[in-house]
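Trainee: What follows is a structure written as structure tokens; I'll ask about it next.
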Ligand code: 5RP
């Protein structure tokens, strides 16, 4: 079985009747949403989903999963989402699929977050994967210049058609090619205070459980309860 599919299906087992479930974005999350859709249809599982992107919303609606917006629920019981890199101390980079802002908002109001990845996403230290920074388009070139001065090797993200990428929130993304992030907390704090930065892809102290798809089967790591 595809390793991402393995992790996605395993994670869907954590979803229980009555839960409000945050539905992540990306190719791994897609398998999880498919499996939840199957459980809704075949097992009569009764949940409300809160999606983290237009893409996931389209998928969930097509599968018949009942949905509410993040502002229509008091909290989210459990969010299941993918990740681009997870370090040894379970900090993460997300946003490869450009959904980091909504993903972070949903994660923030979730009681528990499960990340689902294939084993290639587990790294010693974060940073090989370019760190996405979501920015307001107005003044974005000034931020690119600032990041260049800092040696962050910034690249404004474009679509496969080479048009400027626009996120679901109407923003741009600057990918920082850092190679290594020695102090994610300090970097996150620095990015948080920059004018024009809406959010960044460092997801720090967020995850409760990691499910890793590997050749030997899915491995579940409980980070915190
Ligand atoms: C989207 C994300 C994704 O969860 C992340 O990019 C992982 O994607 P995939 O499962 O396709 O490898 O953060 O913004």
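Every residue gets a Cβ built from N, Cα and C, even glycine.
Note that TrEMBL annotation is computational and uncurated.
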Trainee: Quick check: of 54, 121, 124, which does TrEMBL put in the same substrate site as 25, 26, 27, 28, 81, 82, 83, 84, 94, 95, 96, 97?
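Mentor: Within the candidate list, TrEMBL flags 121.
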Trainee: Sequence gap of 6 or more, Cβ distance under 8 Å: name the residues on the same chain that satisfy this around residue 25 (substrate binding site), in order along the sequence.
Mentor: 51, 52, 53, 55, 56, 81, 82, 97, 99, 102, 103
Trainee: With substrate as the bound species and 25, 26, 27, 28, 81, 82, 83, 84, 94, 95, 96, 97, 121 as its recorded binding residues, calculate the greatest Cα-Cα distance and give it in Å as a whole number.
Mentor: 16
Trainee: For ligand 1, pick out the binding-site residues 27, 96, 121 that have a CB under 6 angstroms away from one of its atoms.
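Mentor: Once distances to ligand 1 are taken from each Cβ, 27, 96 fall under 6 Å.
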Trainee: In sequence order, which residues at least six apart in the same chain have a CB under 8 Å from the CB of residue 27 (substrate binding site)?
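Mentor: Non-local contacts for residue 27 (substrate binding site): 4, 82.
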Trainee: If the substrate site is taken as the center of the Cβ atoms of 25, 26, 27, 28, 81, 82, 83, 84, 94, 95, 96, 97, 121, which further residues of that chain fall within 8 Å of it by their Cβ?
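Mentor: Near the substrate site, beyond 25, 26, 27, 28, 81, 82, 83, 84, 94, 95, 96, 97, 121, sit 24, 29, 99, 117.
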